[in-house]
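Engineer: According to Swiss-Prot, the feature ATP binding site maps to G10, K11, G12, G13, I14, G15, K16, S17, an assignment based on sequence analysis. The [4Fe-4S] cluster binding site annotation in Swiss-Prot covers C98, C133. Residues or ranges marked as ADP-ribosylarginine in Swiss-Prot: R101.
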Amino acid sequence: MAMRQCAIYGKGGIGKSTTTQNLVAALAEMGKKIMIVGCDPKADSTRLILHAKAQNTIMEMAAEVGSVEDLELEDVLQIGYGNVRCAESGGPEPGVGCAGRGVITAINFLEEEGAYVDDLDFVFYDVLGDVVCGGFAMPIRENKAQEIYIVCSGEMMAMYAANNICKGIVKYAKTGKVRLGGLICNSRNTDREDELIIALAEKIGTQMIHFVPRDNIVQRAEIRRMTVIEYDPNCSQANEYRQLAQKIVANTMKVIPVPCTMDELEELLMEFGIMEEEDTTIIGKTAAEENAA
């Protein structure tokens with residue numbers, strides 16, 4: 001099978017890295033050959049696969065030796081659970097330079113040094129938060145990742161972020177082959193969450209590829225720096241990640257999304273009771289003015 005390059009996006013803190021690593025562990029269990037490229041300065045995209053606090057990043061190691069040209073592939077590529085190949089792009093210190101540029105430099109280095117071996121089935125790019133700048137859009141802008149999955153939940157800001165990411169996909173889909181593969185709902189146990197994400201997916205022209213229920217075993221595994229698949233392979237949550245993996249392997253629905261307008265998104269949120277209808281009579285009024293009324 002041809003190598004599939006997938007990028008995982010979503011709001012910061014939504015559980016992208018945890019979901020990605022559990023998905024990858026499930027794919028590895030199926031015998032798939034995989035590489036994860038962390039595209040986040042936090043460098044937490046591979047820690048559950050490697051049982052590590054944080055992998056040494058390409059940008060950190062380049063700074064230590066002088067430049068990225070002075071690095072060897074074995075310096076930055078580690079092998080973890082299920083023979084998954086792991087690399088972290090990293091970025092500059094907070095407040096200095098552009099972390100997005102680190103992503104560009106790191107992926108170019110991995111390509112030039114032969115990290116993308118011929119027998120890989122999947123490459124996953126775990127990307128920082130929203131598409132906030134051109135650097136973090138690099139995996140889709142440069143046609144590296146052609147398949148995008150957005151991790152979201154039934155919370156308002158997670159849905160806003162998912163919609164914004166769709167706008168970024170549309171921009172680059174016009175000039176390349178990037179497509180949206182679907183939404184992964186990483187549940188926060190909000191009311192009617194699965195119905196809401198299915199409705200959002202339909203509105204933007206895609207699918208909710210899987211609903212991952214909330215389960216404390218995910219945190220128990222994380223404390224041990226392990227995926228659920230490895231920590232407790234027989235639990236129900238491990239089977240959820242296996243189902244997600246199977247659905248992604250079989251997925252043929254790859255679309256150019258149609259992002260919602262802000263009004264459409266707010267109407268959907270009001271329909272499901274996430275947002276209350278706006279009362280225009282209270283806008284701009286102080287507490288004193290409201291009490292006097």
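Using N, Cα and C of the backbone, Cβ positions are placed for all residues, glycine too.
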Engineer: Rounded to an integer, what is the Cα-Cα distance in Å between G15 (ATP binding site) and R101 (ADP-ribosylarginine)?
Structural biologist: 24
Engineer: Determine, to the nearest whole angstrom, how far the Cα atom of G10 (ATP binding site) is from the Cα atom of the residue listed as 'ADP-ribosylarginine'.
Structural biologist: 20
Engineer: Can you tell which of K11, K16, R101 has the least company, meaning the fewest other C-beta atoms within 10 angstroms of its C-beta, among these recorded positions?
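Structural biologist: With the recorded positions K11, K16, R101, fewest surrounding Cβ atoms within 10 Å: R101.
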Engineer: Using Cα coordinates, what distance in whole Å links K16 (ATP binding site) and the residue listed as 'ADP-ribosylarginine'?
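Structural biologist: That separation, Cα to Cα, works out to 21 Å.
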Engineer: Round to the nearest Å and give the CA-to-CA distance linking R101 (ADP-ribosylarginine) with G12 (ATP binding site).
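Structural biologist: So the Cα of G12 (ATP binding site) lies 19 Å away from that of R101 (ADP-ribosylarginine).
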Engineer: Let me spell it out: for each of the binding-site residues (G10, G12, G13), count the other Cβ atoms within 10 Å of that residue's Cβ, using every protein chain shown. Which one has the most?
Structural biologist: G10
